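A.B. asks: Quick paste from TrEMBL:
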- 84-103: transmembrane segment (TRANSMEM)
- 110-131: transmembrane segment (TRANSMEM)
- 131-292: domain 'Lipase maturation factor 1/2 N-terminal' (DOMAIN)
- 137-154: transmembrane segment (TRANSMEM)
- 166-185: transmembrane segment (TRANSMEM)
- 223-243: transmembrane segment (TRANSMEM)
- 255-286: transmembrane segment (TRANSMEM)
- 323-343: transmembrane segment (TRANSMEM)
- 355-378: transmembrane segment (TRANSMEM)
- 402-541: domain 'Lipase maturation factor 1/2 C-terminal' (DOMAIN)
- 624-686: region 'Disordered' (REGION)
- 629-662: compositional bias 'Basic and acidic residues' (COMPBIAS)
- 663-686: compositional bias 'Acidic residues' (COMPBIAS)
Amino acid sequence: SAPQVGNQCSIVVIAPLTDRAHEELNKKINCLQMQMLPYSLYGNDGLLPARWQLRYSGKSLGEQLLSSPTLLWLGPRLGLDTHTAMELLCLIGAALSLAATLVEALRDSVVFFCLWALYLSMYQVGQVFLYFQWDNLLLETGFLCILVAPLTLIRGSRGVRAHDRVTFWLIRWLLFRLMFASGVVKLTSRCPTWWGLTALTYHYETQCIPTPLAWFALQLPVWWHKFSVVGTFIIEIAAPLLFFSPLRRLRLGAFYLQVLLQVLIILTGNYNFFNLLTLALCLSLLDDQHVHFWLRKADKISNNAFTFHQFNQFLKTVTIPSIWIGVLSLTWEMVTAMFRCACVSGFLKRFWGTLQWTVFAAATVAMFTISLVPFSYIEFDSHARLWPGVRQAYDMVDRYQLVNSYGLFRRMTGVSGRPEVVIEGSNDGVSWTEIEFMYKPGNLSAAPAVLTPHQPRLDWQMWFAALGDQTQAPWFTSLIYSLLQGKRDVIELIQTDVSQYPFYQQPPTYLRAHRYRYWFTEPKADGSRWWRRVYDEEFYPKVHLGSTFLESMLNQHGLKDKSPPRRMPNTTVAQAVRWVRSQVRGVPTHILIWTLIASSVTLCLLQGLQNRNKHTERTPLTYMAAGNDHTDNVPDDSSDHCGKSDEQQAAKGEEEEKKEDGQDSEDEVEEGGGEEKEDTVDDEED
């Protein structure tokens, strides 16, 4: 029999069992658990079930997609519940991303649109665990990729298009908004640590999940930390203004400053894919000629002091002009792209290029226009001066996360010590055992983790919860409730290897949480410890299943699921999704992600080596055939051809094709090929 006890299913055995029967019963229980354990955060038994965000009110599918644009509305039509549909979308996105990494033809606008739609679908139901700036940045970057990438799957062509520079300019504009706003908010927040240049004396140990190198960075002298803060302001506020400079060297200098900042952040902190994505955006400042060598530069830093009022006046002065810099830069890209369209030979090609330019230029102008709303948030007067029509257009597309506002480390937290919530469990209410998380600080002897580009969402939210009280983090009550019930999926969020969880055999009877203040240890302290801590206060009182406080919190925040238990779907798709989940169960997420990345990189390298070997094998045969046919006529040309680079050979091949199509003379072919080559080089530089 299987009576329901709360949300747990207990199996009651009536008759004595043999060892073989015990073994078979355990297999059935494991099979039942595999089917009953949903996605840890958003499944039917997760911390914040996603189906709570999808209330079916009898509206048509179109109305549902407009009110909440997510593909999860299609789940019931496929015979899938919300939990299984989410896992299916994740698997499709991962498979499509890896395929696009390995197959050039799949790096297409259609594929990027599918990836953007998949992530937006998850974002719509992600609630507090997906409301991070990097999630917004990934969505905005993904949408821009739709405009930048070619339409290979539809048009069957990957040639350089006249409008490419116009749409690609939006990547640079996004990078400018990200970095400039991140620097400005540090000063507009009036945080004394940023104004006093002491922020980095706290940052390394108070950030969410530091790396082992953060401990060593904290030991650097105070003057170096202050110098680093000044450098941060220069990189995030002054350098972004050079992104639109017509001088190539200034853009390259700004690029290397951004790379320096992002690499230092990666070495000292775990910020998942955020810094890697920022580095990808920084590539918009480069040209192809610069990829193969390193530019040396010298930094000049000013130590002039200024007040908040002076900075606010500076911000009022520079915000609107920075927008006009963007307008002028975009106008220049559009004019040059239009000129290229006009220079194309042939009426049909010119007409088709002009039509493409018109469509994509209009899309670029629209994206730039609506991006002015979140960008101008950094200065109130400038925001108020925007044309109301711009704000109305932004409100119409806000739900799709096409453009967003950014601003990192607005205020430095943990000045008086890093706050950390520690959960404790007990079976008798007397002796208590701390529950350690895989990534966040807890155990004083555990070294900080290195897990980029993975983001453990629960560990991050534990850091935010410690900054306030438990009423500001309703999901924490759901976590306590799930641990008291012994839900294995939630336990795996804390420890992938459930045997490391102290109550994996039997759920704790009581749970409580305390807040501590953590610091890195001093260099001369006990070498076996990375952290030291002092007790701060109670964060969550002692509770048990059925306790008055726990029940009141569950009812207050609507966290108690009153709907009847749902059967797991048994469709072919649902069974396939559950099988894939069973294959990766128990593998730490950051190891799984790095395995996929390493596999894709290895395959890409093997493909490159294979193509290189094929090219090496074919080239001598081609030259021998050419020598047999033209030995007496063009020996000098053959010698020159052997000494040319692959790009020159490709250009000459295009010239020969044009000659076969009916060019008047060899001189005209060479002249036309030279012009085409120059255009191609210009496009590659961009």
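Using the three backbone atoms N, Cα and C, a Cβ is placed for every residue, glycine included.
Curation plays no part in TrEMBL annotations; they are all automatic predictions.
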A.B. asks: Under a Cβ pair cut-off of under 8 Å, which of the recorded stretches 110-131, 166-185, 323-343 contacts the transmembrane segment (223-243) most often?
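C.D. replies: Between the candidates 110-131, 166-185, 323-343, the best contact partner of the transmembrane segment (223-243) is 166-185.
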A.B. asks: I'd like to know the mean pLDDT over the domain 'Lipase maturation factor 1/2 N-terminal' (131-292).
C.D. replies: 86
A.B. asks: Taking helix as H, G and I and strand as E and B in DSSP, count the residues of the domain 'Lipase maturation factor 1/2 C-terminal' (402-541) in helix, strand and coil.
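C.D. replies: Residue counts in helix, strand and coil order: 35 helix, 34 strand, 71 coil.
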A.B. asks: May I ask for the residues of the chain that lie six or more residues beyond the transmembrane segment (355-378) and have a Cβ under 8 Å from a Cβ within it?
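C.D. replies: For the transmembrane segment (355-378), the list is 144, 147, 161-163, 166-167, 169-170, 173-174, 177, 180-181, 184-185, 188, 315, 319, 323, 326-327, 330, 334, 337-338, 341, 386, 390-391, 393-394, 397, 402-407.
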A.B. asks: Can you tell me which parts of the same chain pack against the transmembrane segment (323-343), counting only residues 6+ beyond its ends and a CB-CB cutoff under 8 A?
C.D. replies: 162-166, 169, 173, 176, 241, 244, 350, 353-354, 357, 361, 364-365, 368, 372, 375-376, 382, 679
